[in-house]
């Protein structure tokens, strides 16, 4: 049986992070393969694993590496399948590995998750696979609910046990609150409800990056919709739009400021969420607040301002079961299409 996911470690010392990934994949009952191959010390082995794995039917690759973590990028060089990068903290708090993984050139994206977040790498892989496998999607939803319940239970297990003189534990007790999902519909002037990809731009100054996503999706003939909605200024509108577009397969958040777009999206859907961190007018970028998400809510982060790679990553995900799109994607990645 061909596994659905291949995990490649850059070194045996990365096994602790891989164990986080394997624990999730075992829980979700997703077949996987684990290999150790270095982008620098065994480049031919990396190539053979990726090429033969792709030809055999691997759907998603996960590259786990620290230091100058070029492994995920090396994997992306030899496959049209989605590649997830998990940077490992070895030195300088893992920032060297993070930048090596996320700042990939067009058209070779790596869907990077937070430093040491092997668990989120596996959850992201499951979200991708859940687009094509209803049983996996159901398990992703169950896992998502488990993370939600853990937060709710912490109120009883931690907060309710605090016995300070002036704390009012029974005020708005969490277990008694009724938490309902949004059912409101978005009332925009025009939306494409048949969109496979939804792009949400957090503010108008980030539209230049959003347009890069849109142009590349057009070249790949992927139907999409794009709106400018700030989840901080327009929270109700944001939730209504996500609810209205719930049948889309991929959500892309264009982030600046505190990167609330992609973070807000990933909590509202079980679909893959791609984050594009942007620079603001002061030259600050919001990479860290996009990528370093807590357990259970991965954001597939691409490089700063790299909207085109977000679109290519969408194409890689959607082409898993779409040979027509795969042909377009391969032409683009082989630079036969002039973007």
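Cβ atoms are placed via backbone N, Cα and C, with glycine included.
Taken from Swiss-Prot, the feature substrate binding site applies to 11, 14, 41, supported by sequence analysis.
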Message: List every residue in the same chain as residue 14 (substrate binding site), at least 6 positions away in sequence, whose Cβ is under 8 Å from its Cβ.
response: 64, 65, 66, 88
CB-centroid shell, 8 A cutoff, substrate site 11, 14, 41, site residues removed: 9, 10, 12, 13, 36, 38, 65, 66, 71
Query: Among 11, 14, 41, which the record lists as binding substrate, how far apart in Å are the two most distant Cα atoms?
result: 15
- prompt: Cβ distance under 8 Å to residue 11 (substrate binding site), same chain, sequence separation 6 or more: which residues?
  reply: 36, 38, 65, 66
